[in-house]
Amino acid sequence: MGISNPKKRKREERSRGSAKKIKDERVTCQPAAEESVPIQDQWNTLRNIDGELDIFEDYGEESYLFYKALEEKFQTSGILTKQTTIAESDWREIITILIKVHRHFSLDFSTLCLAVKYMARYISGRQLKPGILKPVGATSLYLAIKIMEDNPPNAEEFLEVFGETLYSPRVLAFVEDMMLYRLECRLYQPTIDFFLEHFTLMSVSAEMFFYDNITRVANALTAARGIAALTMMKYEFHTYLPSLMAQCCLKAAEHILGYNLLVELPSDHPSQIVQKCLRKTVLLASANKEFLQQLMPGVFPEVFPKFTSPSTIQRGRTGAKEPAKQPRETSAKKPREESGAKEPVRKPSKTSAKRPNKETGAKEPASQSNKLAKRPKIEASTAKPGL
């Protein structure tokens, strides 16, 4: 029983000797960057890294495949399309209240994600009046609290913090019964927080396991959660899958914090959709930097970097194959000029070598010179993509 886990022992050995690798080109984050300081925020939950990595190495891939296949079944599109009286401003207001109440009780970020999912699924299938939106939001959050949290607050305290004095715990229970019926009691579903944690633990790989990198990864996860909470306020972002939003929020957080962790994420989505979603996410965060700075003091910088192009921020595969085709065409034309360096051989191949090939195929010397002229063309076209 006293023997430690071999995987854990190897990580401890790497962490003790990782100080020499800080200047490695593959993991350097910014030129002349100082040692990163952990962000102090309640959404910074990457503390027990050893225990989380043990679970991730054993069940991480299986859990990812399971939730990845499940997320499309719970996806809601067009949340407010059936709502004729509820505007986007009403949705933004209620999500803002959910975020503030969530941070007041210092709840887990997955609780907030689950509550917003409950609310989106509930209102996407029926028409509601604007007055019922607030109790639905309160019930969604309280239902998620009872499922995810170990020590949930009582209903009276929750309603007092929520600012809803007109409703009693009995009304809250009545709305909860209606929601359970509408949700068909399917309360466990993939959220953006699961994929945020999964991709973050992927970043702490075997080669990059040292303190400074873990600090950057934890800071990026914390900032990504703030950006994810901001995207929940815009109902257009609910059309994207949670796994896609998690990738874009992490990349946007790294861009804002100035990190470059150089970690390849799974290319499960088309690059065009990833770049479009990433661009919208970064622009949304830049336009609401005051909200993010007030929501999470000390997490986001005072000045956000300018957004240039998704290709410069996106890590991993972009799926662009067109640049590889252009050298193949130019490389096929160059051998004709190089192979025609001997003018006496090149001139007959245009006139006397091509016409007999169509009729009889005579004049073997000309056909041989034509084959010799084509061989460099084949070799160049096959050798070029290998570079």
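Cβ from N, Cα, C; glycine included.
Annotated features, as they stand in TrEMBL:
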COMPBIAS  1-11  compositional bias 'Basic residues'
COMPBIAS  12-27  compositional bias 'Basic and acidic residues'
COMPBIAS  319-346  compositional bias 'Basic and acidic residues'
DOMAIN    96-181  domain 'Cyclin-like'
REGION    1-27  region 'Disordered'
REGION    310-387  region 'Disordered'
Practice task
Please average pLDDT over the domain 'Cyclin-like' (96-181) for the predicted structure.
Solution key: 89
Fill in the blank from the handout: Taking DSSP helix as H, G and I and strand as E and B, the domain 'Cyclin-like' (96-181) has 64 helix, 0 strand, 22 coil
